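S.K.: Have a look at this one before I ask anything.
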Amino acid sequence: MLKNDRLLRALQRDTVDRTPIWLMRQAGRYLPEYRAVRQHAGSFLKMAKTPELACEITLQPLHRFPLDAAILFSDILMIPDAMGLELHFIEGEGPRLGKPIRDAAAITQLAVPDMETELRYVMDAVRLIRKELDNSVPLIGFSGSPWTLACYMIEGGSSKEYAHIKAMAFNAPDVLHQLLNTVTNAVISYLAAQRAAGAQALQVFDTWGGILSPTMYRTFSLPYLTRIARELERGTGTERTPLVLFGKGNGPYIAELAMSGTEAVGVDWTIELEDAARRSNGQVALQGNLDPATLYGTPNNIAHEVQRTLDSYAAGNGGSREGHVFNLGHGMTPGMDPDHVSALVEAVQRLSRR
């Protein structure tokens, strides 16, 4: 039995003694101990593909901060890599895929990878982390969203214009839907395998959904997020594994996401939580949404923004703080001070206590 189940209870909108907190990219380059492991390992991919290293990095922030969850150390591009698109990282430029998808012929060659062969290292990491956590806090597994993965798979890496995928959306929408369906099948299998290996909550990162117009979002992102929420087997009752659908720029679609079948919606800092709570109408828990740049401020400024965020959620949720998981609106960045993270966690725990 979990010693700390605040996160799981909050994601189900159950009563908790205080608002739980975890942070996107809580294990990362802002931590000197992470940088030490990275230097010794020699590459990001070696860390992500070595279960013992992935476990060590996952646990690093838990040794520093009294967080309410661990999140698997991995990368959303492990699925495209397992599909044969040859993931590699270029220093200063980020991830690159050596075989980008540009036509229907390339899509027909893609297959959903076997989760216990091509992606066994991920499942082994999940199993090892669960063992090392020893039921102290829940472990969150994750995947990229179909749209976000398709962006990388078609562009071949990060992009400013997303010209290739947007051209496909306008000129060959059927081809893009073919790719999105294949990727959605892979995401569902990937999340199910993480759950079977021991993940106790799951999150989908729709990082690039916000680049789409409303019509395009409702065509190429939302339907596939909904498929995941409705088709991913997560159990029932108190044994149900909660799902969080997080998206940058998803504020206009919160009401629709709340009806998707997910347990929770993660939001960025470009919408007030009060507005997000009103739009979700009590159908889902909400996760977020402190501007990550707040961590560059003083501890007093951080505490002020924590209070404002907590109050904003309650104002849109009938005065109640139930159903809220505190998080950033996006991930930690390398220049952040671990002491300011300590100040953030302390402020959330102190100010949200019921």
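Even glycines carry a Cβ here, placed using N, Cα and C.
Below, the features straight out of Swiss-Prot:
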type	residues	note
BINDING	R25, Q26, A27, G28, R29, F44, D75, Y152, T207, H330	substrate binding site
SITE	D75	site 'Transition state stabilizer'
S.K.: Just counting, how many other CB atoms are there within 10 A of the CB of R29 (substrate binding site)?
M.R.: 15
S.K.: Which number gives the other C-beta atoms within 10 angstroms of the C-beta of A27 (substrate binding site), all protein chains shown included?
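M.R.: A 10 Å sphere around the Cβ of A27 (substrate binding site) contains 23 other Cβ atoms.
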